[in-house]
Amino acid sequence: VQFFRVEVAVEDINDHAPVFPEERVTLKVLEKSDPGSRFPLQGARDLDVGSNSIQTYSISPDNEYFSVAFGSQIKGKKYMELVLEKPLDREEQAEVDFSLIAVDGGSPPRSGTTQIHVVVLDVNDNAPIFSQELYVGQVLENAPEGSVVLRVVATDRDAGVNGDVSYQFSQAEDQTHSAFVIDTTSGEIKLTKSLDFEAAENHELSVQATDGGGLSAICKVLVEVVDVNDNAPEVMISSFSSPIPENSLPGTVVALFTVRDRDAGANGKISCTLEDQLSFSLRPAYKNYFELVTVSTLDREEMARYILTVTASDTGSPPLTTTETFTVDISDVNDNAPVFSQASYTMYVSENNVPTVLVGTVSAVDADMGHNAKVTYSLVPTNPTEQHPCSCISVNSENGDVFVLRLLDYEQVKQIEVLVSASDAGSPPLSANVTIRVVVVDKNDNAPLVLYPSQESNAPSSELVPVSAEAGYLITKVVAIDADSGQNSWLSYHLLRATDPGLFAVGAQSGEVRLRRSVTERDAVKQKLVILVRDNGQPPLSATAALSALLLSDFSDVRLPHSSLATEDEGSSLTIYLIVSLVFISLLFLVSTAAFVVCKVCKRKELKDGHVLYGASNLQSSLADAAASGTLSNAYCYEISLTTGSGNSEFKFLKPILPSLPPHLHATGGGTSYDQDFPCGPGSAGDMEPDDPGMRSKEQLNSL
C-alpha cells in the first residue's frame, strides 16, 4: 500500500457578471466641494477570480463633474471612489445622473451597471473626521455573540443636522464579514456570531461616517482574532514537612514541587507566586522545580498554623492558573513568659475585715501551649533585702486568688503592696512579676472629736455676747475632726439643745454658732447650748459639745455672771449627789427589810418545832429573836430626841428591854448585862403559864 498526495486545481471561467449591491445609489455632494474630493461607493462583486474578476469601472455617459477611481486595499481587497473633477453649482444644476459600469476581464467580458444620482447640497463645509485612520481591535475566538469588538469615533465640527454623524460599513464585504454589525449611532462594532482563529486570524473592515449634510469619511478597522488558552498549569508535590518547630532557622525547606503546562508558546510559559511573602517564600531550584522555604523566624504564639497558597499561572490571555494549598503547623517551644492581664492590680478590703477574706484575683496567661503554658502563682519579697514576703497577704498558687489573712485597721494601715510572681512549667521556667496594692477601705468606726470648745473641763466653755448684737452675730465656732476618711469624715453640726432654741443657729457645714435673732430683755442672761457633731457614715456617729453664752450689756460685769454660774453649777452638782445618795439608801433599806422579814419567818418556824439552841456567843441575838417571835415579853422602851435648829429630823431606836430572868441566870454577851429584876413593863416571868413556850425556852437556858 502506498499513499500519494494529489492536488486538484479548479480553473475559473468567466461565468459571473459583476453585480452592484444596489441598482441606484444616491450621493449628496456639497456645492462647495473642492475638485479632487472623493466619494466612496460600494464596489460591484464578481464571484469569478483572477482575470475574470472586475478589472475596470467607467461612467456613462461621460460628464464633466465626476470620474471614477478604483484600486486595491490591504491584502488585495478592491475599492472604488467617485472623484470630483469640477466644482458643483447647485443653482446651475441641482442634480447629476449617470451610470456606473463595472467590467470584468473575461472573454467575452461581462459588465454590471448601477445608476448614480448626485444631489448637490447647499454649503456643508466640514466633513466628519475619524480620531484614527486605522482602528485595530482584538477579540477572543470564543467571545460570545453581542460582544463589542471596538468603537470608532468620528466628529463633525458643523452644528445641527450637518454635525450629526451616522456610521455604516462602506462596501459590501464577503460572507465572513457578516459576523460583524455596527451601531449607526454609537459606532460600536459587535459580533453577530463566534469567530474561529483557525479560519481567519484577522478581519478588515471599512467604516463610513456620514454627517447630516451628506459629507462622509472612511476609516479602516482591523480585527485580530486571539487564540484561547485552554490548558491550565499542573502542580506536582515531591516532598512536604509539617509540623516544624517555631525556632526553625530561616531557609528551612518545607516543601519541594514541580509545575508544567501542556500549552505551547506564551500559553505554556509558567510563573509561580506565593501569597504570603512575610514568613515563607518560593525559591527556584531546577527548571520548573521550586522550593517552599522559611525567610524569617517563626512565632507559634502569633501564628500557630500557616495556610500557604501557591499559584501557578501561564502567560496566556487570559492566563490560566492553578492553586495548591500547603498547611504548615508550627510546634511550640517555651519562649514566652507569663503575662499578667494588668500592669498592676488594685484591690480593696474594708477595715475590720474577717480574716482570710478573698479580695481579688490575679490572672496571668502564657502564650505557649501544653506544659509550657501551665502557670503557678507565688508571693516574692518586694525588695531584695527582704527575707520573706508580707505575712498578712496570701495568694492561691493555682488560680491566683488573693486573701487577706488578718484584721486590718484603716487608721493604722492605709494600703499594702506585695509582689506576685507567675511562673510557667517550661524548661527552663520563665516568670513575670506584678505589683498588687491592697487598699484598706475606711469604715465609719470613729466618732467625731470636738477640739473646740474643749470638753475636758467640768464647766462648759462660756462665750460673751453683747445684748446689742444683731441677728447673724458670730458667737463662736465649734471645731471637730474625725479620724475616718472620705464621706465618713464629713461633719455636720446641729443644735441639739438650748435654753432658748429660737435664739441660736448653727451652721451645718461650718459649725459656726450665730444669733438667729436680736437679743431681747426677756432672754435669760445665761444660755446653755449643746451642739451635736455628726459624721456622714452609715450608720452615722456623733459627739456633743456643750457651751454656754452670757448675754451682757457691759463686759465689765463679766465677774458677776461667772460667780453666779459657778455657784449655780456647784448647787446643781450637789443636788445631783443628794438625789443619787437618797436613791441608794432607799434601795439598801428595802433590801435589808426584805432580808429581815425572811429571817424572822424562818426563825419563828424553827421555834414552833422546838429545835432552838442557844450558845454563849449568840445568846444576845437569841434573846432578841425570842422576844420578836413572842416567846418573851413584848415590852420595849423607845426614846425620841429632836434637835431644834437643824433642818433634818432623826429617829433613834435605843434598845429593847428584855423581860425578867431567873435569879440564877446572869449572862453577858455583846456588851449587854442581863440582871434579875426589870421594873418596867408588864408580863413578868411569874405571869407565864407552865405550858408557855417561853418557859420551855428558860428551862433550856437553865440547862446551859
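Placement of Cβ uses the backbone N, Cα and C atoms for every residue, glycine included.
Predicted, not measured: the structure shown is a model, and the values here were computed from it.
The feature domain 'Cadherin' is assigned by TrEMBL to 21-130 (among others). Here the domain 'Cadherin' (21-130) is broken down by DSSP into helix, strand and coil counts: 6 helix, 56 strand, 48 coil.
Annotation comment: TrEMBL describes 131-235 (among others) as domain 'Cadherin'. The domain 'Cadherin' (131-235): residue composition by secondary structure is 9 helix, 48 strand, 48 coil, according to DSSP.
Residues or ranges marked as domain 'Cadherin' by TrEMBL: 236-340 (among others).
Under the heading domain 'Cadherin', TrEMBL lists 341-450 (among others).
Under the heading domain 'Cadherin', TrEMBL lists 457-563 (among others).
TrEMBL lists 574-598 with the feature transmembrane segment.
The annotation region 'Disordered' is assigned in TrEMBL to 678-704.
The compositional bias 'Basic and acidic residues' feature in TrEMBL is assigned to 693-704.
Here the domain 'Cadherin' (236-340) has, by DSSP, the following mix of helix, strand and coil residues: 4 helix, 54 strand, 47 coil.
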